[in-house]
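If you check TrEMBL, you get these features:
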COILED    97-126  coiled coil
TRANSMEM  422-445  transmembrane segment
TRANSMEM  466-484  transmembrane segment
TRANSMEM  547-567  transmembrane segment
TRANSMEM  579-600  transmembrane segment
TRANSMEM  631-654  transmembrane segment
TRANSMEM  755-776  transmembrane segment
Amino acid sequence: MEYIDNMPSMDLMRSEKMTFVQLIIPAESAHRAVTYLGQLGLLQFRDLNAEKSLFQRTFVNQVKRCVEMSRKLRYFKDQIHKAGLLLPPLPASQPDIELEETEIQLAEHEHELIEMNANSEKLRQSYNELLEFKMVLQKASGFLVSSSSHTTDREIELDENVYSNDNHADTASLLEQEMRSELSNQSGVRFISGIICKSKVLQFERMLFRATRGNMLFNQAVADEEILDPSSSEMVEKIVFVVFFSGEQARTKILKICEAFGANCYPVPEDAKKRRQITQEVLSRLFELETTLDAGLRHRDEALTSIGYHLTKWINMVKTQKAVYDTLNMLNFDVTKKCLVGEGWCPIFAKTEIQEALQRATFDSSSQVGIIFHVMDAVESPPTYFRTNRFTNAFQEIVDAYGVAKYQEANPAVYTVVTFPFLFAVMFGDWGHGICLLLGALVLIARESKLSSQKLGSFMEMLFGGRYVLLLMSIFSIYCGLIYNEFFSVPFHIFGDSAYKCRDATCSNAQTVGLIKYKDPYPFGVDPSWRGSRSELPFLNSLKMKMSILLGVAQMNLGIIISYFNARFFSNSLDIKYQFVPQIIFLNSLFGYLSILIVIKWCTGSQADLYHVMIYMFLSPFEALGENRLFWGQSVLQVILLLLALVAVPWMLFPKPFILKRLHMERFQGRTYGILGTSEMSIDDEPDSAREPAEEFNFSEVFVHQMIHSIEFVLGAVSNTASYLRLWALSLAHSELSTVFYEKVLLLAWGYENITIRLVGLAVFAFATAFILLMMETLSAFLHALRLHWVEFQNKFYHGDGYKFKPFSFALLADDDD
């Protein structure tokens, strides 16, 4: 045991040792000190003002200013994107600027941009109105000219049929009134011209028809140009319309309908000469507005380019300053001593670096008083901090997704680096598919520097984050595929010839009948002659099922052994005596024994039925095994193992709760006598005390908890062992799916001479391989391996009830501008 204790510690085996520290910072150097600590990123501050609202804290005004500046920066960024400009790269070196100076610059830039946008919007609105007016003049002129010519052609008919009957004139149709409008000043036919969105024209026309009861004539034409909508910044197609009507009441109704539908009405004179004159004026003003708009846009783009040159630095500066003031708000401000008091956690190895940063802050701020940094005792459990790299980070994230390790608890990520990709490969074993995954992982790793600086989608970001997990999964898949001897479900004679050959020359089908073993077994993996034979499925089922049990029992034993090292590390002898020992005895008395039987059967070639052996070990432990005996003394050993398993259950259940009760009673009695002689201040109220407050001991609660834990382990030993059979099931499913796609798609298509059928078969096979076997099966095997680690492995030793170490660090700030 001394040898184990003297072994060097691993970085990932247990979390970094943490210490609780207190900072007393003079007010004049507080901002600089917190800034330097943010650059260092090794101290997690504790909020000492948790009972105060955000608006009651000391630096709330500075936070509000930073939030307001963040809003302005988001406004600038949106304007740059709307203008279609690209943000220039951040210059290598830029002069440092103060927050106040930046705030003044941002206010000036925002005022300038708002003013430019308002002027541009007014000019754009005027330009749109003139453009619409021009199109209305052009299209309405055509309607009015055609109406005038139509009137001249039927002038005689109107004279005879209209003016000869005065009574008929009162009830004349609108078309007749329109045609005689040029001949009589008493007709009263008028028109309204305007423009409307194309999407509203049908409803607009229907509403006009109903409002005037059909006493109108509606002419429309598509506008020659699309018009920019300032609200949506999209080009909108519009329709020019001219409505002929009679009467003031109809005019009022039509104008109200135009207003309701958002139609813009423009006056068009009936005189052609006046129309041409107005058109010329409109064209002249449009040209002037175009020139003014272009000049305004160029000026705005220049202003946005100038802003964009500094935008990235401004965003980073405001983000860091807001983080600094948020952190300062977590400190306790002592008004009398004009200093700030802070508390937090830091790794022990970082104490020297933190002290150097604080000394530098004192010197740079020209403070007369130094910053006090001292270690304190803490009641609460420290946070958990693992130093990971690019390779181990993904495996640590897999473990943390289940739960963050308790402080100094054994870290499952150390073993997950190997066991997770290996169990995945057992279910995914095919060295052809493994090569495909390997190529994908190598591409991600080769482009690591480029992809790490880009903003990726959610799926691609997850894939890139697990690139090294994918690399190991692919390597282990190639290894297991060589053991299974499967390359896209096709066996190969990689390690020599098969150990089986045809019995004689008359053997017609050497793949199914007539095979005999003529030399030593195939040197590595499954003999290729098993593929296609009648006993292929029973043989592979037996092999993979027993292999799954061996792997499962081995991993569960590893979990129980790690629980021993956890208990030894925390000096918890009760867990060693009354949890580790009975658990290891119970598991190996049943399933460890089964694993030994499997290995013995493989080595001896025995025909013993292991199902019968395990079932009658419980039902008839004293009955002779007969032909199912694998070694001498097996019956006696089975009785001993069964008794050990039965003893292990009460061993786990009863002693620990009663021992805990006795220890609590002894501690309680000693504490009672101690309190009688103390002063008014309780030991729990002493400052800087590491003693935990007394907790009420509830025996029934402890006993029920221990009973649940014991029952869970006993039942879990059976269910968890059975759960590892998913290794066999998914491996079989993957192999059979590969065989179906190969034989029923690729070989079937290749049996035809038609090149088109062959290409279609190859395309279907490639699609099925890529999307079903390489994507869906990979995801399925990944999730099942994840479950085996979270439930079957980690529940033997891993509590996962800690919390992460989250230091104040500028490098960890989120990429948002809140």
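Quick reminder: no glycine exception, Cβ is built from N, Cα and C everywhere.
Taking Cβ pairs closer than 8 Å, the transmembrane segment (547-567) reaches residues 409-410, 412, 415, 419, 423, 426, 573, 575-576, 579-580, 583-584, 587-588, 591-592, 594-595, 598-599, 717, 720-721, 723-728, 788, 792-798 in its own chain, all 6 or more past its ends. If one looks beyond the transmembrane segment (755-776) by at least 6 residues along the same chain, the residues whose Cβ comes under 8 Å of a Cβ in the stretch are 430, 433, 436-437, 488, 734, 737-738, 741-742, 745-746, 748-749. Beyond its flanks by at least six residues, the coiled coil (97-126) meets 65-66, 69, 72-73, 75-76, 79, 228, 230, 289, 292-293, 296-297, 299-300, 303-304, 307, 314, 317-318, 321 of its own chain at Cβ-Cβ distances under 8 Å.
Below 8 angstroms of C-beta separation, residues 546, 549-550, 553-554, 556-557, 560-561, 563-564, 567, 606, 608, 610, 613-614, 630-631, 637-638, 641-642, 644-645, 647-649, 651-652, 656, 713-714, 717, 721, 796 of the same chain, each at least six residues beyond the ends of the transmembrane segment (579-600), sit close to that stretch.
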